[in-house]
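> This is the structure I have questions about; it appears just below.
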């Protein structure tokens, strides 16, 4: 494309190439809208079709996964691995198992992952993968057979210096273990090709907690910079999975009163706030095969908002930790009307562009996911470092490194987001991540 083209021309070009990939188009629009003024001031980043290369994955692998269920019936699922950008290191990003998974969602996640990984300062490129397989309601044997069948194709595209996947929605330690085991068998090589592994075979302490902990570390830094803090604040958390659970735990440790958790069926509201004992029970319920927050609400006699999200509950801080586009403009209006002070994304792109704009216009502190939830992939990078050195660090060391990385990410966001009373963290995160990747791409020529 012409280096002098407008923002809308560029976005139309992206939309025209993939007209049905709405999630991916949304992610590109969000990033490029904040980048464009910076690009106009720094035209060297328009050279060598850099932007066109940046929004096109280096490689997309699509394949079928054929497996047998417990009734000995043949099941067929689709799977993908999007190897988006390797300019600063091997592709790095999770595997997602959920019926909603499609190529558009994985491209959006891989695109976001590229900038997120760059923000960590660790040498990791961006990638993402997954399948429309739904692990919910499946037996452990069915999950294992699916994971093993998937790896019979995927293994040939992975390697410690090529592509290192991890977990995501629907993929926890169990699934990572099944996939890593099959990879080892097929490749006859025990090198690190997955992160989020169990401690018994190369996993890192703090990795399960890292995304939730990192979210709170970043949010606390953002609050402190503006004369606030978690102490005494009412917090709404959406979701009740891994990220939400550890975000609740760390927010409580910082003195917050967390009053909500949710799943796809509804929201539990606890005005007295979670306690360590209550959180432990929620984790037990969610770990069961069909556990729901409704079960938790009934057990403790709490308010349950069936079919609703947490955003109608008056809070000071909102931490969306469930899924993309869960917080729309109507929910944003309610949060703002109820006096919300800060919103930080624990999930990937959980806030719509319109809602994000509304928060920024209202002066609400807003932390985008590529910065706020980078703790998970940062600790994955630390797991890779431990594996490469044949070492296992103590939990305190990993947690300290995680905290330091999140503070560095916050500093980078402030540097590029405007060092004033209200930093634009969306702009700061996008520019900081972009500069790291773009400089590497320009230095390596047209490839």
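Cβ atoms are placed via backbone N, Cα and C, with glycine included.
According to Swiss-Prot:
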type	residues	note
BINDING	92, 113, 116, 167, 380	substrate binding site
ACT_SITE	128	active site, proton donor
SITE	168	site 'Important for catalysis'
BINDING	211, 242	NADP(+) binding site
> Substrate site residues 92, 113, 116, 167, 380: biggest Cα-Cα distance, Å?
16
> Do any residues at least six apart in sequence from residue 380 (substrate binding site), in the same chain, have a Cβ closer than 8 Å to its Cβ, and if so which, in order?
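Spatial neighbours, sequence-distant, of residue 380 (substrate binding site): 92, 124, 164, 166, 195, 196, 204, 207, 210.
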> Would you list the other residues of this chain near substrate - those whose C-beta lies within 8 angstroms of the C-beta centroid of 92, 113, 116, 167, 380 - in sequence order?
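Counting only non-site residues, the set is 93, 94, 117, 124, 126, 127, 128, 166, 195, 376, 377.
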> What's the CA to CA span in angstrom from residue 113 (substrate binding site) over to residue 211 (NADP(+) binding site)?
14
> Tell me the Cβ neighbour count for residue 168 (site 'Important for catalysis'), meaning other Cβ atoms within 10 Å of its Cβ, over all protein chains shown.
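So the Cβ neighbour count for residue 168 (site 'Important for catalysis') comes to 23.
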> When a 10 Å sphere is centred on the Cβ of residue 113 (substrate binding site), how many other Cβ atoms does it contain?
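By my count, 27.
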> Which of the three DSSP states, helix, strand or coil, fits residue 116 (substrate binding site)?
helix
> Cα distance, residue 128 (active site, proton donor) to residue 167 (substrate binding site), nearest Å?
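Approximately 10 Å lies between the Cα of residue 167 (substrate binding site) and that of residue 128 (active site, proton donor).
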> With DSSP assignments reduced to helix, strand and coil, which class does residue 380 (substrate binding site) get?
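Where residue 380 (substrate binding site) sits, the three-state DSSP reduction gives helix.
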